[in-house]
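Heads up: the structure comes next, in structure tokens.
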Amino acid sequence: LSVPPEIPQEDGRPKWDNKFQYILSCIGFAVGLGNVWRFPYLCQIHGGGAFLIPYFIALLFEGIPLLHLELALGQCLRKGSIGAWNTISPYLGGVGTSASWMVSVLVSLYYNTILTWVMWYFINSFQEPLPWSVCPLNENRTGLNEECYRSTAVNYFWYRKTLNITPDVTESGTLQWWLILCLATCWAIVYLCTIRGIETTGKAIYVTAIFPYLVLTIFLIHGLTLPGATDGLTYLFTPKLSTLKNPRVWLDAATQIFFSLSLAFGGLIAFSSYNPPKNDCEKDAVTVAVVNSMTSLYASIPVFSVLGFKATTGYWDCLDRNIISIINEFDLPEESIMRQNYTAWVSFLNSSYPEKIAGLKLKSCDLQEFLDQSVSGTGLAFIIFTQAIILMPGSQAWAILFFIMLFSLGLSSMFGVIEGVFTPLLELQIISKSIPKELLSGKV
């Protein structure tokens, strides 16, 4: 490749106020929802702590080099994804247009839809009791809603009250006005934060990038005090080295690096294009990559503390239902059977009265089975975690904190995605330079 001519530093482009603002913006773009709900899930299903081995290998040989390449590309050529690749070679223009720019457009639609769901849950978090903690009454108000009763209140609120999902994918259903209003509000918030590019996102990033760490710390302190937290953490970090023989583990580790560092989206090229050419982008790449990976590990601790608490609570409920059935069947004194001596009692009764015990159809209560109930993405945020929150004391406050954190994580990632759309459009000759930034941002 031929070396492009030196691009002057003073080319009329806006600049970051300071280096910390730039690094924070890159970290905010990279650290997103995937760090909170995908990385812990991959650790859980791929051998706990053993997953960290392929993950850090992928970070070293894939993540940091590619991140360095993107930051260097934008900083050296001082252009967005389309202009940068066109400068290297006209034949590579499709990389900037079809790959980076179009991906940024599609991901912005996807991410803002998640922000819409988060905002809807945040609004409903101010109700007492939380609307996903109890089933509503039926139309005759003579009992609980049948659909909710056959499922759970958490599932009912997600699939019926939020999405109002249709029974088949071929049925598109109708528009949900509550989600339309939340979607419009989310786009309005994104617009206000990106109205003048990095001049406004650089200010907003101080809140959206730092606040999630504060909430994670609060959840960490509270989560470690919950019963079952140690079981969740033990389950998460116990290494199962045999899983490393599965190629899928290595593929998921490499894929997670792309997700978590937001590689090839175009936003990092756009962010670095506002740097002075002599900035140390190698140091920036290492800093952003290390902070991002440490954030994934840090987020896993409170997440699995809460999930361990949920599994333990479910295990205890299972035992309590079995204990009540045994006490009623054998007419035993209350509190004669406790969780601590449940196994001994069942063994004794099973050997003495096997037919009676078989007739009770006791449920199999195994803590490991409750811990094995893994789920990622929206299922973790809107079903598993919300179900765990309603079991906590002061669940309303924890729900508000949790969804504010998710909104901040998603919003800071949206800044980078929108910048990956916004910056290349400014550099295209088809758009008049007389159009104000505010108008172009509004159209985007």
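Cβ coordinates are placed from backbone N, Cα and C, and glycine is handled just like the others.
If you draw a 10 Å sphere around the CB of V31 (Na(+) binding site), it holds 27 other CB atoms from the protein chains shown. If you look up TrEMBL, you'll see G28, A30, V31, N35, S260, N292, L409, S413 marked as Na(+) binding site.
Long-range neighbours of the transmembrane segment (20-37) within the same chain, counting only residues 6 or more positions beyond its ends whose Cβ lies under 8 Å from a Cβ of the stretch, are 71, 111, 114, 198, 201-202, 205-206, 208-210, 212, 256, 259-262, 267-268, 271-272, 274-275, 284, 287-288, 291-292, 295-296, 299, 303, 376-377, 380-381, 405-406, 409-410, 412-413, 415-417. Annotation source TrEMBL lists transmembrane segment at 20-37 (among others).
Annotation comment: TrEMBL describes 49-69 (among others) as transmembrane segment.
Counting same-chain residues at least six beyond the ends of the transmembrane segment (101-123), those with a Cβ under 8 angstroms from any Cβ of the stretch are 32-33, 81-82, 162, 178-179, 182-183, 185-187, 190, 264-267, 378, 381-382, 386, 399-400, 403-404, 406-407, 410-411, 413-414, 417-418, 420-421, 424. The feature transmembrane segment is assigned by TrEMBL to 101-123 (among others).
For the transmembrane segment (175-193), the residues of the chain that approach it from at least six positions outside its boundaries are 112-113, 115-117, 119-120, 123, 162-164, 200-201, 204, 208, 411, 414-415, 418, 441-442, judged by C-beta separation under 8 angstroms. Taken from TrEMBL, the feature transmembrane segment applies to 175-193 (among others).
Taken from TrEMBL, the feature transmembrane segment applies to 205-229 (among others). Only residues 6 or more beyond the boundaries of the transmembrane segment (205-229), in the same chain, are considered here, and those with a CB under 8 A from a CB of the stretch are 21, 24-25, 27-28, 31, 193, 295, 298-299, 301-302, 305-306, 308-313, 392, 398, 401-402, 404-405, 408-409, 411-412, 415.
Listed by sequence, the residues of this chain that lie at least six past the ends of the transmembrane segment (249-271) yet keep a Cβ under 8 A from its Cβ atoms are 22, 25-26, 29-32, 34-35, 38-39, 42, 46-47, 50-51, 54-55, 57-59, 62-63, 66-67, 70-71, 73-74, 79-81, 84, 96, 99-101, 103-104, 107, 198, 243, 288-289, 292-293, 296, 413, 415-417, 419-424. The transmembrane segment annotation in TrEMBL covers 249-271 (among others).
Here TrEMBL flags 370-391 (among others) as transmembrane segment.
Among the features that TrEMBL reports, transmembrane segment is placed at 397-418 (among others). Residues 25-26, 28-33, 35-36, 104, 107-108, 111-112, 114-115, 118-119, 121-122, 125-126, 130, 189-190, 193-194, 201, 204-205, 207-209, 211-212, 215-216, 218-219, 222, 262, 265, 267-268, 270-271, 381, 385-386, 389, 444 of the same chain sit 6 or more residues outside the transmembrane segment (397-418) yet have a Cβ under 8 Å from a Cβ within it.
Long-range Cβ proximity for S260 (Na(+) binding site), meaning a same-chain Cβ under 8 A and a gap of 6 or more residues, is found for A30, V31, G32, G34, N35, R38, F39, N292, S293, S296.
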